[in-house]
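S.K.: Just dropping this structure here.
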Amino acid sequence: MSYPREFSSPEDDWKKEIITETKIDLSALPTPPSPTYTSSPTYTSTTVTGSPIENEKGYQIFSSSISSSDIEAQSEKEEFSQKRLGFLHYTALNVYRRLFSAVFIANATAFIILLVKGDRTNPTDLISASAVNLAVCGLCRQPLIVNALFLLFGSLPRSSPTFLKRLACKIFHLGGVHSGAGVASLLWYIGFAALYTANFATFRVAHSPVSIVVLSLIYLVFALLAVIIVVAHPALRRRYHDVFELTHRFANWFILVLFWALLILLGSQEPAGLGYYLLHLPAFWILILLTVATIHPWLLLRKVPVVAEPLSQHAVRLHFSHATVKFGQGISVAKHPLKDWHSFASFPDHFSGVTDTKFSCLVSKAGDWTTDTIQNPPKFLWKRGIPTYGFGYIFRMFSRIIVVTTGSGIGPCLSFLADESRPAMRVLWQTRNPIKTYGEGTMELVKKMDGEPEIIDTSKKGKRVAMLPLVLKTYKEFGAEAVCVISNPKMTKELVFGLESRGVLAYGPIFDS
């Protein structure tokens, strides 16, 4: 039997197959009367087991072949009806876009109000507004701020109302604020550049070597801001990630330096003097904050030892001992401090009986950096900043959850082991050759999360199983409150949409989480 692509609707495929296999001669049967329903049909759920292969360790691995139980599981989708306007609410108007729009529209409104003032507009108001947005944009990525926000929103008690949990869990969409403030800073800066240029052209600003340098710096900063925003577009970011990362880092540093030079030169032209100008300029104090926030993670730059545990040609487990991590935290590592950095969720080593190191990260083949790491396991890596809370931390506010993952997505899921009061959970893991790829040790860790995890081995048939009906079925039977999805971007997006549009609390990391 052929399977549909991931998350395409499977109903038509299996219905066609059933009709073909039964081969009933409809012409020999009397025409039945048209049925009359007094209520919506109901469905009885059954356990989806596939073809289990018992392992001597006690867990079961299921082949990806669809059985009659799988067919019955499709009806679960029909029990969870989709919300009206669900597509609009969870795609075009998802939380990330709503946060982006709210930040940008608020800034655009204030910008228009200032424009209405006309000649009364002060250039320093525009540059200060641009600096405020740059600060918000930068602080949304500062490890200390990120940790504080996750600790605050994640501290919600499990007894809290569902609507509060739903809102608090959206903290990982903070990237919407980051992006919105970044674009708004460019809007304000364009206004500042235009006003200063107009004043220069009309001789309201004296023509001098200093003012000419100021004008040059203004347009250099403008060019760098524009480049940062362009390469941060999701399509370009995914395709040229290394270019995006390097541009973001070095252009931001250059902008900070140029901003300092710009403020000092502007202040040097003021009759009241440079000191008075800077002390009374909001952008000056904001720039100090932003500079400290930018430097802080790099002050903690260290080259740390790594113990690599090869698992297969597809995966390696990296053990570290330079810090102690908590539930939901991850680290950023690099092979060269000025090149590309990669973030990984972490989990404690002591659950595996390892005492020489403190925590691990699971790295699977997904690009040049990870491929080289697997083929040439490092003995040292660079780390910066501090362990940072991420997407997984939000689930501590729930009592019962479903964890859905594919492939190496199991690595971030293992972070749940670090939480002694973690919620009760069921694990649905779809991957190819789980034991061969990730080893018995990883399988045992998965079992510590869920004593009876459902592991679907796609190598049996070479096809993936549509997860939505299986997740809905498990969600209903387990009485879960929420679903955690960690997979590739396409599957995460489509599965989270399929669940949220049916009223299920579902969360999965996005490209800008």
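The backbone N, Cα and C atoms fix where each Cβ goes, and this holds for glycine too.
Automated prediction, rather than curation, is the source of TrEMBL annotations.
Features from TrEMBL:
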- 25-49: region 'Disordered' (REGION)
- 36-49: compositional bias 'Low complexity' (COMPBIAS)
- 99-116: transmembrane segment (TRANSMEM)
- 128-153: transmembrane segment (TRANSMEM)
- 174-198: transmembrane segment (TRANSMEM)
- 210-230: transmembrane segment (TRANSMEM)
- 250-268: transmembrane segment (TRANSMEM)
- 274-295: transmembrane segment (TRANSMEM)
S.K.: Any contact between the transmembrane segment (174-198) and the transmembrane segment (274-295)? By contact I mean 3+ C-beta pairs closer than 8 Å, pairs at least 6 apart along the chain.
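M.R.: Between the transmembrane segment (174-198) and the transmembrane segment (274-295), contact is absent.
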S.K.: Are there residues at least six beyond either end of the transmembrane segment (274-295) with Cβ under 8 Å to its Cβ atoms? List them, or say none.
M.R.: 124, 127-128, 130-132, 134-135, 138-139, 142, 145, 252-253, 256, 259-260, 263-264, 266-268
S.K.: Against which stretches of its own chain does the transmembrane segment (250-268) lie, if we need a Cβ under 8 Å and a gap of at least six residues from its ends?
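M.R.: Long-range Cβ neighbours of the transmembrane segment (250-268): 124, 131, 134, 138, 210, 213-214, 217-218, 220-221, 224-225, 227-228, 274-275, 277-278, 281, 283-284, 287, 290-291, 294.
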S.K.: Give the nonlocal contacts of the transmembrane segment (128-153) in its own chain as ranges (CB under 8 Å, at least six residues past its ends).
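M.R.: Sequence-remote neighbours of the transmembrane segment (128-153) are 103, 107, 110-111, 168-169, 171, 174-175, 177-179, 181-182, 184-186, 188-189, 192, 252, 255, 259, 281-283, 286-287, 289-290, 293-294, 296-297, 328, 385-386, 388-390, 393-394.
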